[in-house]
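Q: After the structure tokens below, expect a handful of questions from me.
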Amino acid sequence: MIRHTHLYYSLKDVQIRKMCHYSNHKIVCCCLLMLTQWDAITEMDEQNRPIHTFQVCHVMEPNQNNWLRSGWIQRQAAQRVYVELRFTLRDCNSIPWVSGTCKETFNLFYLQTDDPLPAATRFRPIDYAKVDTIAADESFTQTDLGDRVLRLNTEVREVGPVTQKGFYLAFQDVGACIALVSVKVFYKRCPSTLRNLAAFPETVPHMDSSSLVEVRGACVENAEERDTPKLYCGADGDWLVPLGRCICSIGHEEMDGHCRACKAGFFKANAGNVKCSKCPLRSSSHDQAATICHCDKGFYRAIKDPPTMACTRPPSAPRNLVSLINDTALFLQWTPPANTGGRNDITYNILCQRCDGGDSGETQCEPCEPDLHFIPRPLGITGTSVAVLDFAMHANYTFHVEAVNGVSELGVAARSLANITVNTHQAGVLGPAFLGIVKKDWATYNSIALSWSEVQQPHSDIVDYEVKYYEKEQEQLSYSSTRTKFPSVVVTGLRPSTVYVFHVRGRTPAGYTAYSPNFEFTTAAEDPDVADQGQVLVVVTASVGGFSLLVILTLFLLITGRCQGYIKARMKSEEKRTRFHSGHVPFSGIKTYVDPDTYEDPTQAVEEFAKEIDPSCICIDRVIGAGEFGEVCSGRLRIPGRKDIAVAIKTLKGGYMDQQRRTFLREASIIGQFSNSNIIRLEGVVTRSRPVMIVVEYMENGGLDTFLRTRDGQFTVLQLVGMLHGIAVGMTYLSDMGYVHRDLAARNILVDENLVCKVSDFGMSRVLEDDSEAAYTATGGKIPIRWTAPEAIAYGKFSSASDAWSYGIVMWEVMSYGERPYWEMSNQDVILSIEEGYRLPAPIGCPVILHQLMLHCWQKEYSQRPHFNDVLSFLDKLIINPSSMLALVNDAISFPDSPEDMPDYPLFISIGDWLDSIKMSQYKSNFLAAGYTTLDSISTMSIDDVKRIGVCLIGHQRRIISSIQSLRLQLHHIQQSGFQV
Ligand code: ACK
């Protein structure tokens, strides 16, 4: 860095009497005048280049006073002037014969004036002020060879202070041998510079060396000031103390102290000293200095999207739109679009049209009724399902489910719609079929590797596959299952030389595919060296399950308690929506069930509750089954002025006794009291002519048990839950009316063409003669053992709580597609195993949460079972939030044969959930860090353990310990009362 400005440069130019600058500084010309005795001599240096010098060497003569003077030197901007002298000075000792006359110094003087002195002005030494006496550091020395070697001395002196416009320099020789090679006159300055993207001009320091000159910088081109940029110029020409800064403007980045424009393909949206960024995905910039990249065609940026975000586009249409309908609610469920457009802010809008055949026969569509109710809402749905309430029956609705994201508004593309037309007269849509062929890849003595082709279906969004298998000889008495994400699996733990039956189904977001056909494969012959290790594991896991389940059940009570509040609030807020539970009569309601047996004359009850039908209005089509009292037929009811209704007609066969007639008609006087969409509707009775008939609404799909058995695996979980929901609606209605069914079972639920399930078979609610499942108990009653709660079997205590037990069994039947509860176990074994604490395991593919609900219904202590309205609100919640059912019960499940083999029920809650439930969530990490990862592990914790893991507040220690203690106490109580888990 050049920090000196030369005023006067070299003596070589003296020869031409002009001395000029040739550097990047202003030209300063002057000349040296020889006054006395000095000679201008040109010598050759070592490289043989000529050196122009002024010399004087009168060492032999005393009293020398020889002067050399410069021309007038303009001060320019200089405040402090420096003179650098380069010279040789001969050592007096090296000169033979010199006496005391030889000197080894010379003097430097100066004279300042505002103007050059007139040429004729006489030189007067007295006018000059002395700067210093200059001595040599080096001198001419003699070498051994007698050559003279030139040694150059360099000395710098400050001249001044110079305050006038210019000055002269003068050199006084007093008897030395000097050769003056160059005189450089300069002043110091801070050079122009760039610092922090600001330019600072060349600056001359203050005369006063202790004070700095403050200089303000100017931002470079395309930069903007943040804090005023400043530098201070020091006396030595150094820039000091940089302050403030400039930053590159938008579209520009810092490079080598300047702000350069971003290259094409790059952008910079904000001012600042960051680099230009490459254009995000799906965008580009063609010009330099881009402040934003423009989205490629068909892609967009939402207003709130940062410029660094890739451009996105509207999503594709939702997929796998399915519907499920019952009398009160219509559920639409779909899976997210295959292409989200690159965004994660997808929401869904439901657009609804009602399309009816007009007079001309053409279908006319118009927007749906404004009072159609959507839960959670029709627009801006964040989940992938919606419930539609208050729709008209026997109508065609077309629902468009539109997927939108943050750029949908900006796109000109067609709307991303999935459509479904729902006839509120028809059933919901079933899941896809499974078309794969299952192959055996290889087999060992205890394993078989299978593979199959991927399901090729429109709904083939396979989440995973379920492989169900069992020993052929055992039939389906005990089966196992496993899951795999890929279309292949190695099934292990098999028996040697055994034929196994396999069938596979896929799970899609819309539900299961149907099962593949059965495939039979055989394991290889036994390898005697390999031992079976599977047994031990089962026992170990079973032994830790108890505490977990206890906590699960306790928390479940809390949850259902909350659900109750929710449903009540909902019912209160919107009267219309009580249709969801249509016909539901609250506890405090006026309507209660009247037992027909309390009538002195039962025919009076029939008259009161059932309408007499003229038999000529009944048109019997065919026989559909056989009842205890006679055939069951299907037909039509033709009441003049009314639309024909499909009906089922139960007949009382001829030759009956009076008692039989009363028992037969008793059912009509019971059903006649009910009015609920999930209870079979009584159309009327024929009592005044023969045959005596009970006419009820016709249910196209007959009994739920056979209906499910013939459609194994064909429904989504949501559809099955929809069925259970309907049954719970009916049972809530019954229990609210104070009616105890006593024979709730899938066979006594009828299914209509829309999959709506209705509770039926009321006639036998006291004497279960009719039910083939009913068996005589020790107390003499006839009871369907597998469906009946222990206290009802043991001492005839039937209640809504015993109906809740039966409801749990119905849940199990539904989730296992009509499997027989407890399979082929004898009734006696069922009673004993229940008594010993065994409970049915979860059916394969059953959401964990549903099995927890079943277990809750099967509590030995009937007061601890859920009320039907608890069940209902719980199912409501599941339907509105189907993702809660994603956790499935996995792996091999078979009915245990001993208490030790009881399966470890999957954890419903974690340590985290438990802590949340007691509002101690802040200690989650303490528990986990201390190794308490399961609920079983906390069951033995003492207060010291709780302190040790870092719970310091006494109140919190107490709350945690008392929760653990109460759980422990309940476990003890349950074990005492025989409920083993
Ligand atoms: O299992 P299912 O097909 O359904 O066979 C029995 C049979 O009659 C004897 O009860 C069927 N059934 C009873 N009531 C009705 C009804 N309301 N609609 C249709 N089928 C019915 C039942």
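Backbone N, Cα and C define each Cβ position, glycine as well.
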Q: Among Cys57, Cys92, find the residue that TrEMBL gives as the disulfide bond partner of Cys102.
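A: Between Cys102 and one of Cys57, Cys92, TrEMBL records a disulfide, namely with Cys92.
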Q: Which of Cys57, Cys295, Cys311 is the other half of the disulfide bond that TrEMBL records for Cys177?
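A: Among Cys57, Cys295, Cys311, the cysteine that TrEMBL links to Cys177 by a disulfide bond is Cys57.
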Q: Of Lys591, Lys650, Lys758, which one shares the ATP site with Ile624, Gly625, Ala626, Gly627, Glu628, Phe629, Gly630, Glu631, Val632 in TrEMBL?
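A: Answer, per TrEMBL (ATP site with Ile624, Gly625, Ala626, Gly627, Glu628, Phe629, Gly630, Glu631, Val632), from Lys591, Lys650, Lys758: Lys650.
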Q: Which of Cys92, Cys102, Cys177, Ala626 has the fewest nearby Cβ atoms, counting only those within 10 Å, among these recorded positions?
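A: It is Ala626 that, of the recorded positions Cys92, Cys102, Cys177, Ala626, has the fewest other Cβ atoms within 10 Å.
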Q: Could you give the maximum C-alpha to C-alpha distance in Å for the residues Ile624, Gly625, Ala626, Gly627, Glu628, Phe629, Gly630, Glu631, Val632, Lys650 that bind ATP per the record?
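A: Max Cα-Cα spread across the ATP binders: 14 Å.
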Q: Helix, strand or coil: which one is Cys57 (disulfide bond) in, per DSSP?
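A: DSSP assigns Cys57 (disulfide bond) to strand.
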Q: Using a Cβ cut-off of under 6 Å to any atom of ligand 1, determine which of the recorded positions Cys57, Cys102, Cys177, Ile624, Gly630, Val632 qualify.
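A: Within range of ligand 1: Ile624, Val632.
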Q: What does the structure give for the C-alpha distance between Cys177 (disulfide bond) and Gly630 (ATP binding site)? Integer Å is fine.
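A: Roughly 153 Å, rounded to the nearest whole number.
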Q: Among the recorded positions listed here (Cys57, Cys92, Asp743), which has the Cα closest to the Cα of Glu628 (ATP binding site)?
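A: That would be Asp743, nearest by Cα distance.
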Q: So among the recorded positions Glu628, Asp743, who's got the most Cβ atoms within 10 Å?
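A: Per the Cβ count within 10 Å, the most buried is Asp743.
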Q: Can you give me the residues near the recorded ATP site, meaning same chain, not Ile624, Gly625, Ala626, Gly627, Glu628, Phe629, Gly630, Glu631, Val632, Lys650 themselves, Cβ no more than 8 Å from the center of the site's Cβ atoms?
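A: My list of surrounding residues reads Cys633, Thr651.
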Q: Just to verify a number: CA distance, Ala626 (ATP binding site) to Cys92 (disulfide bond), in angstrom, no decimals.
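A: One finds 149 Å between the Cα atoms of these residues.
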